[in-house]
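Feature annotations, reproduced from TrEMBL:
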BINDING   Arg109, Glu216, Phe263, Glu264, Gln265, Met266, Glu267, Glu402, Pro403, Ser404, Ala405, Gly406  substrate binding site
DOMAIN    196-445  domain 'Aminoacyl-transfer RNA synthetases class-II family profile'
BINDING   248-250, 258-263, 336-337, 406-409  ATP binding site
REGION    353-383  region 'Disordered'
COMPBIAS  370-383  compositional bias 'Basic and acidic residues'
Amino acid sequence: MKSMEKIVSLCKRRGFLFQSSEIYGGVQGFWDYGPLGVELKRNLKDAWWSDMIRGHNNLLVPEGAPSSYEMVGLDCTIIMHPQVWKNSGHYDLFHDHMVDCRESKKRYRFDQVRGRWCQRGETKVFVSTLAEAEHEADEVRRRAMKFFKLRAKNADELTVGDESLTLDRLDDTKSVLAPDAKSLDTLTDPREFNLMFKTTLGALGGEDDVTFLRPETAQGIFVNFKNVLDSSRVKVPFGIGQVGKSFRNEITPRNFTFRSREFEQMEIEFFCPPDQSQQWYRYWRDRRLAWYTELGLSSESLIMREHHTEELAHYSVGTADIEYAFPFLPPGEYGELEGIAHRGDFDLRSHMEGKLDPNSPEGQPMQVELNEHGKPKYRGSGKDLSYRDEVTNEKFVPHVIEPSAGADRGALAFLCEAYTEDQAPDDKGNMQTRTVMKLHPRLAPLKAAVFPLVKKDGMPEIAKEIYGNLKQHFNVFYDDKGAVGRRYRRQDEAGTPYCITVDGDSVSEGTVTIRDRDSLEQTRVKIDDVVSEITQRMS
Ligand code: GAP
């Protein structure tokens with residue numbers, strides 16, 4: 001059975017993921033990728049870059065697209081001019097609601113603490129916990145028993161509600177037992193908390209020198225829009241892609257790497273004429289959903305969820321999320337992998353004119369926010385970020401469709417999907433349960449492993465030569481330790497699609513076996529054909 005506990009344990013044991021600064025007790029919300037993890041995440045980012053940016057064919061009209069289009073890349077800095085964050089809206093609006101516990105001194109995100117109503121006699125208490133979804137009901141019961149001072153033999157005096165609710169769904173928090181508290185009503189009212197990490201430019205560090213680590217890579221693209229137009233001769237419609245780190249001071253980082261404080265994004269800002277924006281929005285929603293299934297996420301575990309109006313981010317006139325059924329969520333719930341937002345002309349106009357008022361009446365162009373003297377409250381760049389169509393001579397501010405994916409959430413989803421327990425024969429031919437990571441070959445950290453059956457009789461020499469030849473093309477592993485069955489098991493856990501074994505026949509006949517990770521099928525091929533065979537299977 002797949003469970004988050006087993007996946008987390010495999011990730012640590014096999015070197016996919018480690019807690020950051022673990023020898024000092026770790027730091028919440030930060031994760032390090034181990035030798036296998038770094039390859040997986042790099043493969044994911046490379047697949048994205050290759051499929052969306054470098055490999056995109058400018059001359060064809062992709063299925064479902066209104067026309068052909070161009071794609072280029074950027075790599076912008078993490079620290080940018082402070083004015084960027086004022087005009088983007090992040091300075092004023094990028095916050096979550098948090099509550100503090102007066103007893104435990106801990107801080108929680110209001111919409112993330114879950115719990116249930118528990119009743120003994122006339123007394124009804126909302127018992128909350130931060131436990132993972134799969135343990136939540138048990139943990140609530142355990143805390144409620146303790147709160148009501150009930151022994152196991154009196155367990156039937158306690159009623160625990162069926163419905164799991166988050167704190168933001170309650171009318172008031174007076175009857176709440178906070179996750180780390182022993183008494184009721186210890187939570188403050190919810191307050192806003194800006195999620196950007198502050199930092200200071202230079203040694204003097206005055207108020208004007210305060211800036212932020214970027215909370216999204218998108219703004220680097222917007223502020224370079226004109227530079228890209230002028231330097232690369234791209235024409236609207238076109239997209240700019242960027243992969244890079246973003247930082248958010250999440251109040252309650254949780255669920256392994258799902259909500260981290262430092263993470264990587266793979267973002268596209270796609271610039272199009274306003275009258276085509278809905279068509280491009282639909283195109284990108286379909287294109288991005290298909291990308292995940294092509295790389296191995298099952299369509300039963302993925303949904304496309306259109307946001308309700310009240311959920312929309314301050315800049316968005318329409319957003320759909322691609323969501324995945326992560327195993328840490330209760331059945332029927334999904335977590336966001338990627339958002340595809342129709343941002344209108346909000347960003348380019350904000351960087352031209354100063355921060356725009358997101359509360360402008362629906363259907364009206366957004367207004368520049370004014371101060372009490374009737375002057376723009378935030379200074380724009382003053383640069384003209386509009387576009388003139390060479391054919392029609394029409395001038396407009398392009399609308400933007402933004403497919404914004406998380407590389408860490410993607411990697412986590414592929415790890416969760418890949419985790420499989422099935423039956424496979426051991427060295428003696430007895431069927432045993434094996435753990436295998438069925439990662440798509442493009443994503444697998446190691447593409448093949450080479451084993452000499454024994455460390456003598458000319459086998460290591462042949463195996464090392466095959467390893468050397470494959471290494472020129474792929475990430476390959478050489479293993480001569482232990483029984484072959486055990487070596488297979490180690491590679492199954494690492495997600496290696498192919499294992500090549502050199503045996504007696506390799507010495508006498510010049511052939512090896514290639515074992516397929518998923519079908520367990522073993523095929524004999526000529527040693528000279530190994531590289532072409534693996535290349536062909538990989539493609
Ligand atoms: N530029 C738009 C933007 O940043 P977002 O929905 O806030 O939109 C996009 O973030 C993606 O970045 C998310 O779908 C998710 O995959 C990833 N992401 C956001 N916050 C994250 C966090 N705290 N930890 C890990 N990934 C995160």
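Yeah, the Cβs are placed from backbone N, Cα and C, and that goes for glycine too.
What TrEMBL annotates, mapped onto the structure for a quick look.
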residue	record	DSSP class
Arg109	substrate binding site	strand
Arg248	ATP binding site	coil
Arg259	ATP binding site	strand
Glu267	substrate binding site	strand
Leu337	ATP binding site	strand
Pro403	substrate binding site	strand
Arg409	ATP binding site	helix
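Here the Cβ of Gln265 (substrate binding site) has 21 other Cβ atoms within 10 Å, regardless of which shown protein chain they belong to. Straight-line distance linking the Cα atoms of Pro403 (substrate binding site) and Leu337 (ATP binding site), rounded to a whole number, equals 11 Å. In this view, the densest Cβ surroundings among the binding-site residues Leu337, Ala405, Ala407 belong to Ala405, judged by other Cβ atoms lying within 10 Å. Cβ neighbour count for Arg109 (substrate binding site) (all protein chains, 10 Å cutoff from its Cβ): 22. For Phe263 (substrate binding site), the nearest neighbour among the listed binding-site residues (Glu250, Leu337, Ala407), judged by C-alpha distance, is Ala407.
Cα spacing between Gln265 (substrate binding site) and Arg259 (ATP binding site): 13 Å, rounded to the nearest whole number. Neighbour counts of Cβ atoms within 10 Å were compared across the binding-site residues Glu250, Glu267; the minimum falls on Glu250. Its Cβ taken as reference, Pro403 (substrate binding site) is surrounded by 25 other Cβ atoms within 10 Å in the chains shown. Rounded to a whole value, the Cα-Cα separation of Ala405 (substrate binding site) and Arg261 (ATP binding site) is 16 Å. Contact annotation for binding-site residues (Glu250, Arg261, Phe263, Ala407) versus ligand 1: Glu250, Phe263, each with CB under 6 Å from a ligand atom. There are 20 other Cβ atoms within 10 Å of the Cβ belonging to Arg261 (ATP binding site). The Cβ of Arg409 (ATP binding site) has 23 other Cβ atoms within 10 Å, all protein chains considered.
Glu267 (substrate binding site) sits 13 Å from Arg409 (ATP binding site), taking the C-alpha atoms as the reference points.
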